[in-house]
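**Student:** Below is one structure. I have some questions about it.
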Amino acid sequence: MNKALPQAIFLMGPTASGKTDLAIQLRKRFPVELISVDSALIYKGMDIGTAKPNETELLQAPHRLIDILDPAESYSVAEFRRDALKEMEDIVAQGKIPLLVGGTMLYYKALLEGLSPLPAADADIRAQIEQEAETLGWEAMHDQLKEIDPVSAERIHPNDPQRLSRALEVFRISGKTLTELTQVKGDALPYQVHQFAIAPKERAEIHRRIELRFDNMMKGGFEEEVRSLYERDDLHADLPSIRCVGYRQMWEYFDGEGTLDDAIFRGICATRQLAKRQITWLRSWKDLTWLDSDNIDGALQTISDRLDKKQAQ
């Protein structure tokens, strides 16, 4: 590892594991600036259901890449990488260490490994695709994508014309599918990265925390928050923002699917599944140091020792 490279810290972990609390403590003790690595916290007006840091927490530890988009907008992994690299560069220029905190593992992976260079947008091809969609409908365009790139078609909904159009455009420009191109790694992250994951030792503790968080969300006005989104004319259930756990289940409730208690139960179950996927991903992560959610002092000491060791080299 080249010690001339600037340092960066990754603080990963499943939902409800205590990442924000630990990050705030780190901000108090070290010259770090926080960057959110969370595909839900990017959205404005989605505060309660995403467990977004509150005003007091943000005063103690400002987070970059929070509240940058309207829920009607999409945000790609490539856009996150571009924005995060820009923020990291700015933090390093201030003589500080970027602390990236969140649970969107795909974002971390893209940062570490880079992304394959995709062809630039072509206005003529994009216009051609949009013209076809006007004639045939986006469902038919999605069927086209299924034929050429079933993996991308599985991820991209017919009601997401921005991403659907881009996937078709990439194929028509390059002759290669989005799936093929994204399997090619790009430029690696030019930083010395200290990678940590925080989680309780017992799975039951994660489940308890998730249930407690959901209960607090409901008491804090989560139903009203989702209702205000539901009443907008420009949002629908297939947008990435509304597919976030908790929001999807409440949206279904407003659509007449089951009772409020059903929605809460489904939301808790979906959040548990998310945490399980995050932990599974982290268990296969290389060069990762695990921290115990129930021992914050020990976690702080572990990170401090790592930083002190690097500074002494």
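Backbone N, Cα and C atoms are what each Cβ position is placed from, and that goes for glycine too.
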**Student:** Labelled region 'Interaction with substrate tRNA' by Swiss-Prot, one stretch among 76-83, 124-131, 204-211, 276-283. Can you tell me which?
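**Tutor:** Result: 276-283 is the stretch Swiss-Prot calls region 'Interaction with substrate tRNA'.
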**Student:** For the region 'Interaction with substrate tRNA' entry in Swiss-Prot, name the matching range from 162-166, 232-236, 292-296, 302-306.
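**Tutor:** Based on what Swiss-Prot states, region 'Interaction with substrate tRNA' spans 162-166.
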**Student:** Which residue range, 57-62, 117-122, 243-248, is the one Swiss-Prot calls region 'Interaction with substrate tRNA'?
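**Tutor:** Checked against Swiss-Prot: region 'Interaction with substrate tRNA' maps to 243-248.
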**Student:** Under Swiss-Prot, which of the candidate ranges 2-5, 38-41, 150-153 is annotated region 'Interaction with substrate tRNA'?
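**Tutor:** Spelled out, Swiss-Prot records region 'Interaction with substrate tRNA' over residues 38-41, not the other listed ranges.
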**Student:** Write down the Cα-Cα distance for Thr104 (site 'Interaction with substrate tRNA') and Ala16 (ATP binding site), rounded and given in Å.
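**Tutor:** Cα of Ala16 (ATP binding site) to Cα of Thr104 (site 'Interaction with substrate tRNA') measures 13 Å after rounding.
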**Student:** Under 8 Å between C-beta atoms and at least six residues away from its ends: which parts of the chain pack against the region 'Interaction with substrate tRNA' (243-248)?
**Tutor:** 15, 39-40, 46, 49-50, 214, 217, 222, 226, 229, 237, 267, 270-271, 274
**Student:** Distance check, please: Cα of Gly18 (ATP binding site) against Cα of Thr104 (site 'Interaction with substrate tRNA'), rounded to an integer number of angstrom.
**Tutor:** 15
**Student:** To test your reading of the ATP site: which residues beyond Gly13, Pro14, Thr15, Ala16, Ser17, Gly18, Lys19, Thr20, same chain only, put their Cβ within 8 Å of the Cβ centroid of those residues?
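**Tutor:** Residues close to the ATP site, other than Gly13, Pro14, Thr15, Ala16, Ser17, Gly18, Lys19, Thr20: Gly103, Ile198, Ala199, Arg209, Ser293.
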**Student:** Taking the Cβ of each of the recorded positions and counting other Cβ atoms inside 10 Å, which one has the highest number: Lys19, Arg126?
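**Tutor:** Neighbour-count leader: Lys19.
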